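Annotated in TrEMBL:
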- 40-268: domain 'HpcH/HpaI aldolase/citrate lyase' (DOMAIN)
- Arg103, Glu167: substrate binding site (BINDING)
- Glu167, Asp200: Mg(2+) binding site (BINDING)
- 329-351: region 'Disordered' (REGION)
Amino acid sequence: MHSAKNAAAMLTRTASHTARTVLSKFYSSVAQTPRYVPRRAVMYVPGSDQRKIDKVAAVAADCVVLDCEDGVALNQKEAARNTIRATLEKKRSLFAGKDCSVRVNAVSSDLWKDDLASVLASQHLPTTLHLPKVDSTRDIDMFASEVVRLLEGRHLEEPLRVFLFCESGRSLLRLAELCEHGLGLPPPLLLDGFVFGSDDYCADIGMTRSSLARELLYARQKFVSVVRSFRLQAIDLVYIDYKNLAGLERQSVEGAEFGFTGKQVIHPCQVDIVQRAFSPSPKRVQWARGLLEAYEKHQTQGAGAFTYQGSMIDMPLVLQARNVIATSAAQSSSTHTDGDLRAPSYSSPLA
C-alpha cells in the first residue's frame, strides 16, 4: 500500500515539474508559475443568448462558461459561435476578474472543430476551454491537436487552460488514465481540472436521478478522490432544483467536505451560496493561523504533537491548516501563484 502511495505521489510531482519546465520555456513574458484560477461557482450561459450573457457579466461567479454544447439548440450553434466570438472581444470589460470560459461540443460530434475555429479566431481568447464527454485519451489528443494547429504562430501571455468532463461510466473507470494523459497536454494548453457531468453519467448507466443524489455518492467520491490526487481542480455536479436554496447549500457544503474545489451552477441565485460553501470561513482561517503559530512555537521547542484549543495536533492537522490558508489566499487574489500549477490540496507542497 505504501509503495503504491509513494508511486502516485512521485507521478504527481514529476508531472507537475514537467509541466512547469515546458511552460516556463513557452511563455517568456510571464512568471514561470502560471497563476492559480479559483473556480468556486462555475456558471453556464447559453452562447446563443446575448441577453443572458449581458446579465451574467454582473454576477459575481468566479467562472462564467459561454456554452456551445448542451445549452444551445442544434439550429442555433452557428449563432452561438458568432455571439461568443463577439463577446470574447469585449471580455476584458465584461468579465474582468472572472474566468471567462467556453464549452465546445464533444469530439464525438461533428460540431467541435467549427466551435474551436470560431472561438480561437478571436483576438481575445477565453481563459479556459471546456471539453465535454471525454471518454478516452484519443478524445484529448484530437482536441489538443486541433487547438495547437489553430493557434500556431500566436504568442499567448498565459497558457490556455483546459477542463475535461467526466460524463459516463467508461470515463469514470478510466479517470486516472485521463488525468495523467491530460497533464501532458502540449503548450499552449494547461489542464486545470475535471468536471463531473452527473446528468449524462446517470443517462449513460441507466441511473435514476433523485433530488438528494444518494445514487451518485460513489461516483462523486471516486471522481473527487482521483482528480484531487493529481492536484487538479474538481468541479461537482449541478443542483438542478435551483429554487431550493437550502438543498443547494446542503449539497454544496457536502461537496466541499468531500474535497471538491467548486460546483456547477445554472442560475444567479445559486452563486453566493456555492461560493460561500467553497470558501474557508473567517473562523476557519483564524483557527488555521493560530494552529500554525502554535506549531512553529512547539517546533522551536523540539516538541512533536501538542494540544491546541482542546485538541491533540499532529502533522495531518498541520497540513490541513496550511491548506486552509493556501485556499483562502488563492480565492482572495486573481493574481495568486501558489508555487505549483495545481489546486491547493493536503498533499501539495503548500501543505
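Just so it is clear, glycine is given a Cβ too, placed from its N, Cα and C backbone atoms.
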Other C-beta atoms that fall within 10 angstroms of the C-beta of Asp200 (Mg(2+) binding site):
18
Which same-chain residues, if any, lie at least 6 apart from Arg103 (substrate binding site) yet have Cβ under 8 Å of it:
Tyr44, Val65, Leu66, Asp67, Cys68, Glu69, Leu129, His130, Leu131, Pro132
Whole-number Å only: compute the distance from the Cα of Glu167 (substrate binding site) to the Cα of Asp200 (Mg(2+) binding site).
5
Sort Arg103 (substrate binding site) into helix, strand or coil using the DSSP assignment.
strand
Which whole number is the mean pLDDT over the domain 'HpcH/HpaI aldolase/citrate lyase' (40-268)?
96
Using DSSP reduced to three states, classify Glu167 (substrate binding site) as helix, strand or coil.
coil
With H, G and I counted as helix, E and B as strand and the rest as coil, say where DSSP puts Asp200 (Mg(2+) binding site).
helix
